[in-house]
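Chemist: According to TrEMBL, the feature active site, charge relay system maps to Asp198, His236, Ser408. Annotation comment: TrEMBL describes 689-702 as compositional bias 'Polar residues'. Under the heading compositional bias 'Basic and acidic residues', TrEMBL lists 819-848. Per TrEMBL, the feature domain 'P/Homo B' maps to 484-619. The annotation region 'Disordered' is assigned in TrEMBL to 652-702, 773-848. Taken from TrEMBL, the feature transmembrane segment applies to 723-744.
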Amino acid sequence: MRLTASWISLLLQLSTLELALAASPPLLRPRDYHSKEYYALQLRPSAVPEEMAEHLGLQFEGQIGQLNDHYLFSGPKTDEDVVHEFRRRRKRDSSGVDANDLIMFSEKQTPKKLEKRTVIPPPPPHLKEKRQFWGGMRSDQNLLQGMMDIGQKLNINDPIFLEQWHLMNTVDKGHDVNVTGLWLEGITGHNSTVAIVDDGLDMYSEDLKDNYFAEGSYDFNDHVAEPRPRLSDDRHGTRCAGEIAAVRNDVCGVGVAYDAKVAGIRILSKQISDADEAIALNYAYQQNQIYSCSWGPPDDGRSMEAPGVLIKKAILKGINEGRDGKGSIFVFASGNGAASGDNCNFDGYTNSIYSITVGAIDRKGQHPYYSEHCSAQMVVTYSSGSGDAIHTTDVGTNQCYSGHGGTSAAAPLAAGIFALVLSVRPELTWRDMQYLAKNTAVVFNEDDGLWDKTASGQLFSHRYGFGKLDAYAIVQAAKEFKQVKPQAWYKSPVLSVNHEIPQGAGGLKSEFKVTKEMLQKANLERIEHVQVHMNAKHGRRGDMSVDLISPEGIVSHIATRRDQDSSTAGYKDWNFMSVKHWGESGVGTWSVIVRDTRENQYNGTLVDWSLILWGESINAETAELHPLPGEEGQQKAKPRPTTTAAVTTTMLPSTHPADHSEATGNPADHPNRPVNSKPTGDANKANEENPTADTPDLDSTTDSASYLPSFLPTFGVSAATQAWIYASLVLISLFIFGFSFYVIKQRRKARAARLAASGMDYEFEALDGEDEEERGGVASGGNSEAAATKGGKKARDLYDAFGASDSEGMFSDDEEEERRESDRQRGIDDSSRVGEEGRGLLGRGERS
Ligand SMILES: *[C@@H]1O[C@H](CO)[C@@H](O)[C@H](O)[C@H]1NC(C)=O
Ligand SMILES: *[C@@H]1O[C@H](CO)[C@@H](O)[C@H](O)[C@H]1NC(C)=O
Ligand SMILES: *[C@@H]1O[C@H](CO)[C@@H](O)[C@H](O)[C@H]1NC(C)=O
């Protein structure tokens with residue numbers, strides 16, 4: 001009898017195992033968030049998840065995708081965290097093994113909905129105008145003929161091919177991805193696969209079905225194999241897919257890589273848990289090479305959200321093991337929140353070192369009002385703006401769409417270009433791809449004042465990354481590319497500061513010196529990505545900004561002021577990232593300058609920060625894969641050593657005299673005072689690595705602009721100080737100038753505020769204002785990058801947001817203009833109006 005029982009249980013276990021092995025990933029059962037709770041657990045390898053389910057009184061749902069020892073369990077709906085309660089009670093099971101000890105990590109799942117990075121695109125030209133335009137009236141005749149010749153040569157008979165300006169622009173020469181030369185070489189995306197992680201993919205569209213890759217596809221919202229669009233607005237993913245791999249046939253247009261395969265991974269149509277998102281981002285990760293992601297946390301200029309730990313693990317798992325260890329290519333849209341002052345460094349997907357962040361430019365090579373800027377942005381490519389958008393496939397058997405836009409449309413175009421790269425060099429790693437994107441990016445709008453030279457000589461703009469993608473250039477470079485050695489990293493100790501941040505134009509500067517020895521010990525040859533991990537408290541988070549300055553003097557604006565962000569949460573264990581230091585050695589003093597940009601009742605404190613340098617290893621043999629987050633140590637993440645000694649913290653002079661004394665007390669008391677210079681126990685350890693850190697050295701006394709008070713007569717008799725006196729005098733003149741400027745600005749602000757108080761729409765009023773300067777100040781919102789210096793520029797961005805860009809474009813529509821004018825008079829604000837246009841546009845799209 002006993003024998004039979006154990007046989008039965010063995011058989012049961014085997015069948016569960018079989019079931020688990022058959023499905024890929026195991027046990028993708030439908031979720032039921034209405035009547036069930038889900039728990040993600042990481043168990044010790046020795047644990048049997050079915051047994052754990054019994055202990056916990058939960059149902060075993062299966063492994064979480066590719067994450068070893070991570071399992072999903074379900075239980076009845078309750079406000080309680082059942083696993084948490086269980087661990088609290090430390091119940092012992094019958095055999096005496098403490099089941100609690102087998103749980104390494106647990107997280108109750110709270111489903112959430114991610115936002116598509118679709119923007120309401122500007123109205124498309126009227127059909128009549130469109131015909132005129134694409135019929136050649138407005139096109140350059142030679143360019144149009146050229147495009148027609150190429151179409152003929154390649155047997156492209158797709159009806160909207162000639163409208164696909166992003167592939168070959170026949171009006172504004174050169175404003176396209178420059179792909180046709182590759183097609184003529186036969187490079188069209190063969191053998192490459194891109195997964196569109198989105199709201200579905202219409203695999204029955206005549207324009208997509210031949211390139212649809214079923215094995216790489218899954219619907220994580222409805223838990224069925226086919227990620228079919230089901231909701232009325234499930235159109236985004238299909239449109240993205242069309243940009244990449246619309247088939248060369250007689251339907252709509254062609255994809256940039258029209259012989260590549262596209263898979264659909266549907267996650268955006270309903271709520272989804274972190275566990276499912278983690279499974280999705282590793283789905284079929286040996287076949288799906290590129291994951292195109294045009295979504296993220298809200299782009300509202302207020303959110304500061306990073307992927308949860310399970311998702312972070314999945315992303316790194318994909319990097320370490322996807323594509324046979326070459327790493328999944330994650331492409332993320334930078335975000336559409338620029339008009340709300342958003343910055344892609346406040347989004348944990350776009351500022352990940354593992355994703356290639358792609359922003360947008362429009363068909364005239366202008367910055368569209370929506371495209372976010374940040375130091376983590378790698379490149380840009382084409383999307384909506386200046387009166388047109390991306391023309392692509394839509395949901396339906398033979399449906400096209402001419403209004404696809406936002407950074408949503410830029411990311412897939414980049415993904416398609418990367419598919420072309422992989423079709424030529426499938427062995428390239430995820431980092432090789434980043435090198436190629438960076439190295440071959442083309443600088444444009446070079447005179448807009450936003451480009452800075454990096455240490456390697458290449459230009460970088462927070463708005464455009466290293467420039468725009470050029471398909472031809474990146475593929476040619478890929479053919480010859482010498483693959484880089486594996487990744488290595490250096491992580492500084494946690495640098496404890498705990499110092500208040502002065503308000504106004506001054507700032508708090510904190511430094512850390514990296515020595516050659518540290519990097520050698522870390523096997524790090526040269527830098528690619530730099531991260532600043534930071535904790536800061538503030539009564540109004542959006543008031544803060546942070547600059548990172550490398551030893552070579554390269555400045556990354558890693559955090560910018562965000563006017564809409566009134567959160568009191570501060571920066572909590574946030575990783576800011578910059579690609580601007582790519583190629584630097586990393587040796588020398590790194591500084592962060594934290595500013596509290598607004599003088600108001602909200603103040604803040606920089607708690608701590610640390611520096612993480614990622615790059616190419618010196619010795620490939622000893623390089624290792626980075627462990628998954630939370631698995632660095634044995635059990636929990638080993639806390640990194642903390643030090644207070646290796647930092648010198650200095651108050652920066654404020655340009656506002658009154659602030660200055662407020663911020664620093666009496667400057668003469670501590671003109672040059674390193675804050676928190678007391679060594680602690682841990683600090684001694686850190687000092688072994690960095691013996692010079694606590695002795696003031698030349699580096700720390702020659703900090704630029706750090707010691708305004710040193711001009712005071714009580715200080716400075718040495719030659720060095722003399723030099724400083726003169727420098728300071730120059731600075732003072734600058735400050736006076738700055739102060740006057742500031743006062744003028746404040747007055748203008750006050751005026752705007754009065755208008756706002758009087759019930760008029762602030763932005764609206766300001767935009768209507770005749771004053772260029774003021775428009776800029778308003779338009780910039782949190783876009784501090786340009787706010788200070790580029791008033792006029794930003795005004796145009798906001799102007800674009802009003803859909804007015806086409807007034808300078810070729811499709812200026814009198815009716816539209818009239819309506820805008822009457823809206824103005826009626827005082828309708830911008831957002832609702834743009835919304836109206838958007839809805840109208842969608843309606844048109846559906847009808848066509
Ligand atoms: C575009 O591709 C062609 C080859 O088709 C190449 O000669 C050219 O340099 C590329 N770049 C531009 C800006 O045209
Ligand atoms: C695609 O891959 C297969 C197998 O690896 C190879 O034989 C074939 O030549 C490739 N096709 C192209 C167009 O590169
Ligand atoms: C703001 O200033 C007050 C008074 O100096 C101080 O007590 C408080 O801790 C500060 N808040 C932050 C977040 O630093």
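Even glycines carry a Cβ here, placed using N, Cα and C.
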Chemist: Hey, how far is His236 (active site, charge relay system) from Asp198 (active site, charge relay system), Cα to Cα, in Å?
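Modeler: Here the two Cα atoms are 7 Å apart.
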Chemist: How many other Cβ atoms sit within 10 Å of the Cβ of Ser408 (active site, charge relay system)?
Modeler: 31
Chemist: List the helix, strand and coil residue totals of the domain 'P/Homo B' (484-619) as derived from DSSP.
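Modeler: Per-class counts: 9 helix, 78 strand, 49 coil.
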Chemist: Can you grab the distance from Asp198 (active site, charge relay system) over to Ser408 (active site, charge relay system)? Cα atoms, rounded to a whole Å.
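Modeler: Counting only the Cα atoms, the answer is 10 Å.
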Chemist: For the active-site residues Asp198, His236, which one has the sparsest Cβ surroundings, going by other Cβ atoms within 10 Å?
Modeler: His236
Chemist: Which value does the mean pLDDT take for the domain 'P/Homo B' (484-619) in this predicted structure?
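Modeler: Mean pLDDT across the domain 'P/Homo B' (484-619) comes out at 97.
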Chemist: Could you check what DSSP calls Ser408 (active site, charge relay system) once collapsed to helix, strand or coil?
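Modeler: Helix, per DSSP.
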Chemist: For Asp198 (active site, charge relay system), which of the three DSSP-derived states applies: helix, strand, or coil?
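Modeler: Going by the DSSP assignment, Asp198 (active site, charge relay system) falls within a strand, counted as strand.
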